[in-house]
Each structure stands twice: as C-alpha cells, then as structure tokens.
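Below is one structure, written out as structure tokens; comments come after it.
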C-alpha cells in the first residue's frame, strides 16, 4: 500500500473519530462511526491473504449490524422525543442503543467477532483495532451514561470479565490472547460507567496505554505466537523483559500501572455498597491472571533448546525507540498517581 493511500486512511480515521467525539447529534455521530469503519477496512486487507479478507468481512458485517441497530434506535428515539440530541431524556430505545455500542466495542456476549478478526490481521492494524477504534463507541457510552440501565451494564461487564479470562486460557496465538484481554478490561471499565463515568474514562485511557505498549513490543519482536515469543530473549533481552512487565501490568499486579484501575474500580464498587459484585469481578479476573502468568513464564523462564552460543549474533539493532520507551514507562510506573486521582 502506497504512503499516499495510508495517509488518506489515517486521515479518515482521525476525521471520523473527531466527528463522533465532537458531536451532540446522533446522526453526525453515526456518520463518524461509519467513516471509521470504512477507513480501517483497507488497512485490514493490506496483506492479500484469505485470513485477512475473512477478518475484514467479519468486521464489516458485525459493524454494519451494530450501526443498523444504532441508527434504528436513534430514529425511534427521534420519533418519540422529536429531537436528535444526545442530551434528550431516556426512552425505551436506550438499551438497544447501548447494546449496539457494546457490539462495536466487542463486549461479551457480543464478542465473537473480535478474536477472529484480530487473529486474521497484522499487528499494526490490530493495534489500531484494539485502541483507536474503541474510542468513539466508548465516548458515546460515556455521554449516555446517565440514562443507561445499571442492570444491563452489570450483566455485560460480569460476562465480559468472565469470558475474557476463560477464553484466553487455552490460546497459543498472542493476538487472540490480546483480544480476550481487551474483552476483560472493557468489562471492568463499563462496570462503573453508571456510578463514576470519569473513573471509567480514566481506566479506559490506562487500558489504551498498556495495550499500545504490548502491541508495540510484539511488533518490535515480530511475534504472533507463543513459540515465537519464547525465543525472543536471545534477540533482545531488554525488550523481552519490558514485555514481561507489561503483561504483568495488564494482569493488574502491583506495583505496576494495571493495578491502579482495578484498585479504584473496586473501591468505587465498595463505596456503592456492591461488595458482592466487587468480589465476583475479582474472582473472575483470576482466570485472566492465569494466562498472563502463563505467557510471562513462557517469555522469561523458558529458553529455546536451540539458542545460539553467541551473545550478540541474534540481537536486534539498537535503535532509539523513543515512542515505545515513553509508552512502556507509562504502562509500568503510573501507580504513584493513585492518591492524586483519589483526591480529584
């Protein structure tokens, strides 16, 4: 794909996202989501492989179904209230609209497309799909957070955390593991969307930082399977160690950044007298902790039997990865901000 085409698609992604984020009109927000969907499809099919074509087709059909449900809900809401604004009073179509946005996010039980699509595309496109493409639906959910159903959000979040942990246990493909990781993290985020939308957005920002750092590690190591990442220590020990720490941060272990959203969300649930749900979410997240620790063990505590005796032959070139260094540092060392966040 030529640089001109890539720049055009990235510009379309930015325009669609900005259009959705700055809109107070449901039709304009829907148009922005459609621009986003149309812009990423050529990036998915950049590699002319049957798996990439299949992934792009699944993504298009899923996003088209969610967009149709969203537009239908907005039309019925406009017929009932006479307005297209997002600040209109809640109506009977709030739940279908919330389901359409959660389908675009890939939350369980509407998650079946996400692992298959992420497995069929390249790592750079998977990075965009796991981070940038989730920003517009999450912001729309944030804008209607006062009207969404608490019961629906709790059911979707608990299901997502459980399936996000359960689905990733037996996987050997790292992109599928990252897909189930995304499902589990988004379940934590929407659990407190009704109670504390600002905390939900903060947790979403931390999710984007940690996921970006992990994908950049995989892109640099050129690893898509566990068998490939298990031999990465001899190529780049420092980068492999950083990837291991980022995985532990995604798992939510202290004193890393990933512990911060889980701590704050659990405290918010206890504050709202939802101790039972806080306990259930923490128990369900132990499933995800298992496959994070499994992947960490494979990366750092196992060595390939055919490692070369030379210490420098298979090392990667030492290039200044400035952006990767900044994002990795943020993905590992933001926990000291917890007192500041609690005082806000």
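Glycine is no exception: its Cβ is also placed from the backbone N, Cα and C atoms.
Note: TrEMBL annotation is automatic and uncurated.
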Range among 101-122, 233-254 that TrEMBL annotates as transmembrane segment: 233-254
Tertiary contacts of the transmembrane segment (6-33) (same chain, 6+ residues out, Cβ under 8 Å): 39-40, 42-43, 63, 67, 70-71, 74, 77-78, 84-87, 104, 128, 132, 135-137, 139-140
Two-stretch contact, the transmembrane segment (201-221) and the transmembrane segment (321-342), at least three Cβ pairs under 8 Å: yes
